[in-house]
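A short write-up of the structure that comes next.
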Amino acid sequence: MALRSIEELAGRRVFPGEPLCTVEEFIPGDGVYVDDGLIRAARFGRVEVDMASRRISVKPFSAKPRLPRRGSAVYGIVYAVPREELALVRIFADERMVPYNGFFSGALHIVQVADSPGERSIYDYVKPGDYIRATVMSSTPPFMLSMKKSQDGVVLAYCSVCGAPLYRVPGSPRLVCLHCGNEEDRRVSPLYILTARRKRRHNAGA
Ligand SMILES: [Zn+2]
């Protein structure tokens, strides 16, 4: 008695213990076990049927680790500034903000932020603890990052004085702390998460 046809079995996702076929139909291969004349899956995986040898196996799903793709955007957190012109980034998610299985090392050089940085420091654009969106420039780790695309930049930063999250103020290039009033410079992404209402500079009639 056949449980399922070959067409139904091949490529099927199965759970451990799931009956696949009888020992009369196939020879047990990898990832299966025999129980009272039935071949059952021994692991979660995909059924493979070798018609030549009449062998049935369950292959584990290969958990392909995703890598940041060259040319795509990623999200990361700046964790160190070892030199005035270089920031180190821990990349944690792709451009859809889907997290990777782990972290990837990224490096952001000042020439990948500003066309003519002159005497400026990378600190003028990012600081440790900042969440950034950046574009991947290389195919292997450590990934070289760029923040020159219009969507790239800091997406969330915290106040250097009091640690509160900083807000973007429409019309201003600076970020402000609503808690202590501190203002800070960053390369701010248009995707920056927190926006404050514009401050009133004058009282009516003053
Ligand atoms: Zn503050």
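Including glycine, each Cβ sits where the backbone N, Cα and C put it.
What TrEMBL lists as domain 'Exosome complex component N-terminal' is 14-50. Annotation source TrEMBL lists Zn(2+) binding site at CYS159, CYS162, CYS177, CYS180.
Projection of TrEMBL feature records onto the structure.
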| residue | record | CB count, 10 Å |
| --- | --- | --- |
| CYS159 | Zn(2+) binding site | 21 |
| CYS162 | Zn(2+) binding site | 11 |
| CYS177 | Zn(2+) binding site | 21 |
| CYS180 | Zn(2+) binding site | 11 |
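Taken residue by residue with DSSP, CYS180 (Zn(2+) binding site) is part of neither helix nor strand, so it is coil. In sequence order, SER160, VAL161, GLY163, ALA164, LEU166, LEU178, HIS179, GLY181, ASN182 are the residues of the same chain, not among CYS159, CYS162, CYS177, CYS180, whose CB sits within 8 A of the CB centroid for the Zn(2+) site. DSSP places the residues of the domain 'Exosome complex component N-terminal' (14-50) in helix, strand and coil in these numbers: 0 helix, 21 strand, 16 coil.
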